[in-house]
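Visitor: What TrEMBL lists as domain 'MIR' is 273-336, 347-404, 408-468. Taken from TrEMBL, the feature transmembrane segment covers 12-33, 82-103, 110-127, 133-151, 186-205, 217-238, 552-574, 594-612, 618-640, 652-671.
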Amino acid sequence: MLQLPLVVTVQVDLVLVLITSLAFLTRLSWLSYPNAVVFDEVYYGQFVSLYVKRIFFIDDSGPPLGHMILALGEYPVGMNVWSLRLLPALCGALCVPLGYLLALELKFSHVSALGAALLLLLENSLIVQSRFLLLESVLIFFVLLALFSYLRFQNSTSSSWSRYSWLLLCGVSCSAAVGVKYMGLFSYLLLLGVASVDTWSLIGDRAVSHLSVCVQCFCRVMCLLVVPALFYIFWFYVHLSVLNHSGPHDQLMSSAFQASLKGGLSRITKGQPLEVAYGSQVTLRSSASQPVPCWLHSHKANYPVRYGNGRGSSHQQQVTCYPFKDVNNWWIIKDPNRQELVVDTPPKPVHHGDVIQLVHGMSSRLLNSHDVAAPMSPHAQEVSGYIDFNISMPAQNLWRVDISNREAKSEVWKTILSEVRLVHVNTSAVLKMSGMSLPEWGFRQLEVVAEKTFKTHSSGLGWTVEEHRYGTSQEQKDREVELHSPTHIDVDRKISFWSKFVELQWKMLTLKQEESEHKYSSGPGEWLTMKTNIAYWLHTSTNAQIHLIGNLVSWGVAHLSLLAYQLLAVIYLLRRRRGFKDISDGAWEQFVRLGCVCVGSWLVNFVPFLLMDKTLFLYHYLPALCYLHLLCPALMEHVHTHLLSSPTHRRVLHVCILGVLLYVFLCYWTFCPLTYGTPELSASQLQRLKWRDSWDILYRRQ
């Protein structure tokens, strides 16, 4: 029977509530100030704008989830500074209580958890980075959430299925971290390593039944491997579903991908015939022409009789690869056994393995290759539009169609969908773009050669029919007019999501933007001592400004704690090897887990940057720094509990810790004007804040 009154007992961690409130206060206060674009907001803002317009784009810095999260800030109240900065600020604020909870899950006291939370709370660099339209705070939030969820799962003593909700949340958070930035992958791999060790220990526990071990291993595989993979794919599915309009980055993608977008190439190719037939008029795009598109091209200009280095040429018509749409990009597929250049009724399609000739539409020259060295690539054969000079140089203009992505042996050559290799029948060389630019006599266009397959890589040899019409004019003058008039035959030409996903993923991983030195760039070695800062915003007429500068006190203490942990770990290992156990097995296990989570996370978020050849900034170090702020209080507790037995020594440690926290707060307060951009400081005050000569702090004399 239901008994009255009903009583609900709720336990509230007031410390957690307090630090969460302070985190929101420090991250959300004056969020709309300055009402101007700040540093990389111009970079991410353009992607938000493209999301709103549903225009396709590529960002090589990471997968699409981060941009989608930033774009969500536009929808509640429209495009304004406050709403766009809100979600990164919320993620940055939630990192503080997550740090508190993470320290508790590492089985340290509430005092240590509070210390970790305070270090995160008062870190000026984290505050600055979370208050703008940037992604670092979002990445840190998901990584911390993944670690916390896994530790909560591992520490749970419940055997109910609700325990696995934490593991499921961990998997989703890992997928989100990788979906925001590829750097999240290293934290995910570390977590998988920790989970693998824990699972191995579970398998060796004879107290657990065989059935229970199998079920638990299956759940861990599903939650930590399958679920992250599915959600990662889901981010791309949403991304590609939303961005379905042509945009500025279309040219980076294949013709089939471009044709799936509204506008752009799809507008040009709408109604084109699907199957390439004898008599078809086509433009051929090179698959090697990335990131700039390039089409097989010829024009009424010949190779010079002799090149600058003295080598001779065939003096025949130039064939190049041209990165712009042009009427000279059109070619006609010709049957070698007939003279007609029109499509039959019904059309006779070209199949894989067929031998064809390619006739240049505007000059009627046949695509030719022979045993003459190419102008810029002497190891390869020259490709030309054949001219009969009656000098015992016969035409060699037969090409075999090899469809590299065919699904059947007698596959039909299809517009956009088929990637073909054109193999020279006489020499077995393959038509390709070499990537070299021709001199002035070649109008700086790109060189096209025929190269033996054993000399070249298999990638980049393909050509795709991008524009296509069925030719109906036999006479040259009529044909030149026809080349400007597309046909209109309705054809359903769709590309699957999986094809688009694989292509976009590969493009994101391989696309390299031109790197240039930046005024505020810095190397990983400089991050440890905060040698450089970043001026995020400078007022045009006053001394108000915002800088990415860390809290000097907490920054230094964090790195000292890293050195102290490493030194202590070496001492422990050596003494344990000699048979001395200075601490209990439980304390040793806690110490090792602390190192795996905090020191391990610092390593995976710092060391990869040492190997990267790209422009780096101080904010790249912030995810690694967070783990040192978690390490420091926990290490102090370890020293207090296990290494200091004297009350006097413990009191000294208490005083030192309180003193450090006081200086951390004073440093935070001192740099608040450069963190929030207000209040405005005088020139002399700014000069006093320039604690390092290498810092770039500007001011106007008043």
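Keep in mind that glycine also has a Cβ here, set from the backbone N, Cα and C atoms.
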Visitor: Output the single range from 186-205, 552-574, 652-671 maximising the number of Cβ pairs under 8 Å to the transmembrane segment (110-127).
Guide: 652-671
Visitor: Any contact between the transmembrane segment (82-103) and the transmembrane segment (186-205), i.e. 3 or more CB pairs below 8 Å with pairs at least 6 residues apart?
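Guide: No, the stretches stay apart by this measure.
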Visitor: Could you pull out which residues elsewhere in the chain have a CB under 8 Å from any CB of the transmembrane segment (594-612), counting only those six or more residues past its ends?
Guide: 102, 106, 108, 143, 147, 151, 183, 186-187, 189-190, 194, 524, 527, 562, 565-566, 569, 620-621, 623-624, 627-628, 630-631, 634-635, 638
Visitor: For the transmembrane segment (133-151) against the transmembrane segment (618-640), do we get 3 or more Cβ-Cβ pairs below 8 Å once near-sequence pairs (under 6 apart) are dropped?
Guide: yes
Visitor: Counting only residues 6+ away from its ends, which parts of the chain sit with a Cβ under 8 Å from the transmembrane segment (618-640)?
Guide: 95, 99, 102-103, 106, 108-109, 111-116, 119-120, 123, 125-126, 129, 134, 136, 139-140, 143-144, 183, 187, 520, 522, 524, 526-527, 530, 532-534, 548, 550, 554-555, 557-559, 561-562, 564-565, 568, 587, 590-591, 594, 597-599, 601-602, 605-606, 609, 650, 653, 657
Visitor: Quick check on the domain 'MIR' (408-468): DSSP residue counts for helix, strand, coil, in that order please.
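Guide: Residue counts for the domain 'MIR' (408-468) by secondary structure: 6 helix, 30 strand, 25 coil.
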Visitor: Quick one: DSSP breakdown of the domain 'MIR' (273-336) into helix, strand and coil?
Guide: 3 helix, 30 strand, 31 coil
Visitor: Residue counts in helix (H, G, I), strand (E, B) and coil for the domain 'MIR' (347-404), per DSSP?
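Guide: Tallied per class, the domain 'MIR' (347-404) gives 0 helix, 26 strand, 32 coil.
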